[in-house]
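This report refers to the structure that appears directly beneath it.
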Amino acid sequence: NKFHLLLSLSLLLTMGSSSVEKGIAVADSEPPRGNRSRYAFACAILASMTSIILGYDIGVMSGAAIFIKDDLKLSDVQLEILMGILNIYSLVGSGAAGRTSDWLGRRYTIVLAGAFFFCGALLMGFATNYPFIMVGRFIAGIGVGYAMMIAPVYTAEVAPASSRGFLSSFPEIFINIGILLGYVSNYFFSKLPVHLGWRFMLGIGAVPSVLLAIGVLAMPESPRWLVLQGRLGDAFKVLDKTSNTKEEAISRLEDIKRAAGIPEDMTDDVIVVPNKKSAGKGVWKDLIVRPTPSVRHILIACLGIHFAQQASGIDAVVLYSPTIFLKAGLKSKNDQLLATVAVGVVKTLFIVVGTCVVDRFGRRALLLTSMGGMFLSLTALGTSLTVIERNPGQTLKWAIGLSVTTVMTFVATFSIGAGPVTWVYCSEIFPVRLRAQGASLGVMLNRLMSGIIGMTFLSLSKGLTIGGAFLLFAGVAAAAWVFFFTFLPETRGMPLEEMESLFGSYTANKKKNVVSKGKEVVDE
């Protein structure tokens, strides 16, 4: 079935072509609008397949850890390091992803991420001891770093403004599909002998990497990257297939050229970009050393939203669901794994909901709703776990029910906003020349915080109690809500090339009427 889906997508991507005269000439026949929408949709799906592999690795470790600990006789400290170290290792990939994608292109950076995933999964599946697994985690971690940055950036650069939020949410959807598949894998492979079960859980993750490598062959390169390389003709071909109209494709090309500093009268298919700073040279200076007020505001917004997403504890729930359900009163491993599968189902369903409404209600409204719901859920979860822990030997059904319910409401409210919108927002706000490196900084902080949470949650639960740990996360969520409310402007409907105009005042309520292509966009 996966092969048939992939084949269908590949055929879809090859549909429709148009002749291009000097990069921007209008072809005689225009593909139907539906074909254009399906083409952008298929591009987003293929780019987001890297996220399935990432999600699978995250989800499968939550259950595999139970059996790895028993089989290899690991301590709690060794176990939490194994759980969280993948995200620390991913800093290598995140740090290199911006420069690599500017050099190789977005598409081949996705191929590179898949190659790292493939090698890492095989190494973990054949591991015979703790150091062997750690080597596999390191290799897979590099792939995680690449994938987390490149998938949303590629999708944002291919998608038209009208559907950019929807399509840019795809990586988060596929992460959650991967997490759910990991949970399901845990449940079914748990029936095998202990020494085989966890190896199958981890090793099977190599299979999607092969499908990814095949699918990428059908993807076009990012039009914005092509423009930065001076390949205007190729860029227009991609824009023509992914825009709603021919006129929009021409308009998008002119916007990208303007943002890249290319004069309007340069219209050849291949040009030499004036004052080109190749392979990201000078970007770090413009991004960190001497940024403009707008760029500084954008960078702080990106880092702040990534910090809040992870520091509010989502990976503690995703990685340690069986442990949390054990503390909540579910004693059977089978019950713990089934409840964990339910977490994956809820998370995936609500990610789809968030994705469908992000372009309708806007990024800001979803972020505030999401973080508010997370705060309430974490407060209730921390309180109920504290009550259970302080009444050992008693079966408090209301507290057990509240704990399980609030785990579900926490992942649900996370998934409608903080989950998908973080990647949408940070992939669209940076200027085109700074986008790859700027997004990679956000991913690095995201993975660092995820690693810290994953590697310290068991110790934190012992120091503060598990209820106290979730009350701490609730405090972070409250602070994040205030940050979002005061600092993040709405970006819905804004062309990428005009996004910078929303920033610079360090507030979320910068009133500005922007006239774009004959349409007035009012920033709220």
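Note: Cβ is positioned from N, Cα and C throughout, glycine not excepted.
Under the heading signal peptide, TrEMBL lists 1-19. The transmembrane segment annotation in TrEMBL covers 39-67, 79-96, 108-127, 134-154, 166-184, 196-219, 337-358, 365-388, 400-426, 438-460, 466-488. What TrEMBL records for 43-492 is domain 'Major facilitator superfamily (MFS) profile'.
The transmembrane segment (337-358) shares the most Cβ pairs under 8 Å with 400-426, out of the stretches 108-127, 365-388, 400-426, 466-488. Using the rule of three or more Cβ pairs under 8 Å, pairs at least 6 apart in sequence, the transmembrane segment (196-219) is not in contact with the transmembrane segment (400-426).
Between the transmembrane segment (365-388) and the transmembrane segment (466-488), the number of CB pairs under 8 angstroms, six or more residues apart, is three or more, so the stretches are in contact.
Proximity of distant same-chain residues to the transmembrane segment (39-67), defined by a Cβ-Cβ separation under 8 Å and at least 6 residues beyond the stretch ends, is recorded for 9, 12-13, 15-16, 79, 82-83, 86, 106, 110, 113-114, 117, 121, 140, 143-144, 146-148, 150-151, 154-155, 158-160, 163, 167-168, 170-183, 185-187, 190, 194, 197-198, 201-202, 205, 208-209, 211-212, 215-216, 218-220, 241-242, 315, 318-322, 333, 337, 340, 344. Among the recorded stretches 79-96, 108-127, 166-184, 438-460, the one sharing the largest number of Cβ pairs closer than 8 Å with the transmembrane segment (400-426) is 166-184.
Predicted-model confidence for the domain 'Major facilitator superfamily (MFS) profile' (43-492) is 87, expressed as mean pLDDT. Packing against the transmembrane segment (166-184) from elsewhere in the chain are residues 40-41, 44-45, 47-63, 148, 151-152, 155-156, 158-159, 201, 318, 337, 340-341, 343-345, 347-348, 351-352, 354-356, 358-359, 415, 419-424, 427-428: each is 6 or more residues past its ends and has a CB under 8 Å from a CB in it.
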